[in-house]
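Participant: Quick one: structure below, then a few questions.
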Amino acid sequence: MRRKFVAGNWKMNKTVAGSIALASEILRHLGTTPPCEVAIAPPFISLEVVHQVLKGTAVKLAAQNCHYENDGAFTGEISAQMLKSVGCDYVILGHSERRQYFGENDAIINRKVKKVLSESLQVILCIGETIEERKQNRTEAVVETQIRNCLEGVSASDMAHVTLAYEPVWAIGTGKTATPEQAEEVHRFIRKLISDMYSPEVAENLTIQYGGSIRGSNAKELFAMPNIDGGLVGGASLKAEEFAQIVKSIAS
């Protein structure tokens with residue numbers, strides 16, 4: 001049975017004290033046995049303290065990005081080794097905001113994916129189209145190109161450590177959400193593509209999250225779709241009660 005998985009991306013929000021408080025509140029609302037795998041991704045400066053809060057619980061720690069080298073003259077960057085040393089389990093890669101604001105492309109993201117996997121960390125790889133690309137009926141072509149490029153050189157066995165997150169760029173932080181049917185159509189396409197690239201078994205076991213203005217009010221409908229295995233949650237993950245509601249929607 002496919003792994004269900006909800007992750008919260010806090011983006012550039014919360015001080016160290018605020019991160020400790022939010023992580024603690026999320027744990028309180030989730031209870032001791034959440035119905036699926038859960039991870040939260042605070043900013044870099046809060047990873048170590050949030051790791052201490054999460055110790056002994058079912059909630060995993062994720063980072064929002066990393067560099068593709070282990071060390072060196074890369075001012076302002078953080079390596080996968082460093083993330084591993086503070087207790088990270090997951091690294092989010094290829095988020096549209098990284099592409100849009102920091103010039104990341106598929107080739108850079110591919111290097112990061114391979115580096116994270118080489119450190120025995122799990123990858124959450126984001127893909128998705130812009131509103132212009134959707135209007136031009138290019139959603140599938142764009143998503144396929146991103147997946148093929150970003151997973152180049154990634155083996156079938158490595159895919160056991162990769163989660164894909166379909167995030168239509170036009171739905172991130174805008175309040176707009178793909179309908180469950182729109183999201184399911186793309187998720188179904190992604191699973192077929194992975195089957196063609198690797199094998200039906202790899203595709204069937206792959207966890208594919210939806211991201212793009214997931215809220216407590218729409219999570220249940222999205223998670224009811226057969227190829228949507230969870231969510232990568234942005235703004236709503238900063239509200240402990242709503243994030244817990246989203247997680248619990250996966251079991252209802």
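Glycine is no exception: its Cβ is also placed from the backbone N, Cα and C atoms.
TrEMBL annotations: computationally assigned, not manually curated.
Per TrEMBL, the features are:
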- HIS95: active site, electrophile (ACT_SITE)
- GLU167: active site, proton acceptor (ACT_SITE)
- ASN9, TRP10, LYS11, GLY173, SER213, GLY234, GLY235: substrate binding site (BINDING)
Participant: Using a 10 Å cut-off, grab the number of neighbouring Cβ atoms around the Cβ of GLY173 (substrate binding site), all chains included.
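Facilitator: Result for GLY173 (substrate binding site): 13 neighbouring Cβ atoms inside 10 Å.
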Participant: Can you tell which of ASN9, SER213 has the most other C-beta atoms within 10 Å, given these are the binding-site residues?
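Facilitator: Per the Cβ count, the most surrounded site is ASN9.
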Participant: Would you work out the biggest C-alpha to C-alpha distance among ASN9, TRP10, LYS11, GLY173, SER213, GLY234, GLY235, the residues that bind substrate according to the record, and give it in angstrom as a whole number?
Facilitator: 14
Participant: Looking only at C-alpha atoms, tell me how far GLY173 (substrate binding site) is from HIS95 (active site, electrophile), rounded to the nearest Å.
Facilitator: 13
Participant: Give the distance between the Cα atoms of the residue listed as 'active site, proton acceptor' and HIS95 (active site, electrophile), rounded to the nearest whole Å.
Facilitator: 8
Participant: Fill in the CA-CA distance, the residue listed as 'active site, electrophile' to ASN9 (substrate binding site), as an integer in Å.
Facilitator: 10
Participant: Fewest other C-beta atoms within 10 angstroms of its own C-beta: which of the binding-site residues GLY234, GLY235 fits that?
Facilitator: GLY235
Participant: Return the count of C-beta atoms lying within 10 angstroms of the C-beta of LYS11 (substrate binding site), excluding that atom itself.
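Facilitator: Around the Cβ of LYS11 (substrate binding site), 18 other Cβ atoms lie within 10 Å.
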Participant: For the residue listed as 'active site, electrophile', just count the other CB atoms lying within 10 A of its CB, please.
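Facilitator: The Cβ of the residue listed as 'active site, electrophile' has 29 Cβ neighbours within 10 Å.
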Participant: List every residue in the same chain as TRP10 (substrate binding site), at least 6 positions away in sequence, whose Cβ is under 8 Å from its Cβ.
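Facilitator: The list for TRP10 (substrate binding site) reads SER19, LEU22, ILE40, ALA41, PRO42, PRO43, GLN64, SER237, LEU238, given in order along the sequence.
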